[in-house]
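Q: Pulled these from TrEMBL:
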REGION    1-70  region 'Disordered'
COMPBIAS  13-33  compositional bias 'Basic and acidic residues'
DOMAIN    66-309  domain 'SAM-dependent MTase TRM10-type'
REGION    170-204  region 'Disordered'
REGION    305-346  region 'Disordered'
COMPBIAS  322-337  compositional bias 'Acidic residues'
Amino acid sequence: PQQPLSKNAQKRLAKEARRAEQKLVWRARDKEKRKQKKAEKRKLRDEAAAAGEEAAEGGPPPAKRARIEHPQRIPFNARVVIDLGFDDKMTFKEVNSLCSQLNHTHSANKRTNRPIAHLLMTGLNGRTKERLDAMNDKAYLRWKGVDWWEEGYERLWEGVPCGDASELVDSSIPAPGDPSQIAEDHGVPTGSLNPLQKGRQSEEHTAAKESVIYLTADSENEIAELKEGETYIIGGIVDRNRYKNLCQNKAADQGVRTGRLPIGTYLANMPTRKVLTVNQVFEILVKWTEERDWEKALMHVMPKRKFKDPNANNPQGKEVGDELDNDEGDYEEDGAGELETKGDSA
C-alpha cells in the first residue's frame, strides 16, 4: 500500500502547486508588458516617420539600424586561414578557449563594414571538432562567409602552378570591383551591384604558394600592409608558450613565407607583455582594412589594461604577466622586440 505523505511533503507539494499557478500569472503579465512596450515603440516610430525623423528610443531594431548605418559593406578581397592543425598539442581547456576565440573571430568579421572576403578554417579534427559540434547544435556550420576543411591548408596550392604570384588569378577571391558573391555572404544587398556582377559562383579555394603568408610572431619579416589577393594564415593554437617557433618551423618546412604584425614598431613602449588571442590578431587585420593604419588598428584591439604598468602597485616586483594575460594567447613580445608565440590558460 502507498505510504501517506508526511505533513512536510504535503506542504512542499502545495507550495509547488502555488508557484506553478503564479508562474502562469507572471508569464501572462510579462507578455502583456512586452506587448505594451512594442506598441509604444511602434507609436514612436510612426510619429517620427510622420515628422520626417527617426525616434531616438523607438528607432528600427538593432539589426536594421546597423544596415542603415552601414548600408553597404565592401569586402577586402583577401583570405584569412585559421590553421587548426594543432589539436594534439593542446589541453582540453585550451581547446575550449580556442573554440571560443573562433566564435569571436567570426563575429568580428560580421560586425565590420570591411570584412575579409574569405575566412577559411583548416585542419578541423579531434577535440576541436568535437567541441564545436557540441556548441549550439553545430552552429559553426551555419556561419556565413566561413568554410571548414578537415584537410590542412596545403590543399590551397595543390595543383596550382608555380610562378609569379601576381600573374596567377585566385579563383576563389573575386577581383577588385567584383564583390557580388562575397557581398551576399556578408549580408550586402546585391541589388546595388552592377547587373553584370551578379551570378558569380563561389568556387573552390585555391592559391599560389607564393601568395600565402603564415603570420607568426617568430618571423623576421614585419608586414607593412595587407594586400588583396593574398592569403594570411593564423596559427590556431593556445599553448602558454610551450612550443617555441612552432608555426615558424611549420611554415619553413613547407616553403611558405612568414610575416609578423608590427607590434614592436608601434607599441614598443607597452609596459606589459604583448599577448594576443587568435581573434585579436584577426581583429587587428580587419581594423587595418578599415583604417589602413597599423597604430590605430593595434590601439583599437589591444586590451586597455595592457597599457597600465603592472608593477605600479607591486613594490615587490612580483611577476604579474599570467594574471594580466589570463584569457589570451597568440603573440608575445619582449623588451628586445622579439616576438614569441604565447598561449592561453582559459
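Backbone N, Cα and C define each Cβ position, glycine as well.
Whatever TrEMBL says is automated annotation, not expert-curated.
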Q: For the domain 'SAM-dependent MTase TRM10-type' (66-309), report the average pLDDT of the model, please.
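A: Residues in the domain 'SAM-dependent MTase TRM10-type' (66-309) carry a mean pLDDT of 80 in this prediction.
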Q: Could you tell me how many residues in the compositional bias 'Basic and acidic residues' (13-33) are helical, how many are strand and how many are coil under DSSP?
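A: Result for the compositional bias 'Basic and acidic residues' (13-33), in helix, strand, coil order: 21 helix, 0 strand, 0 coil.
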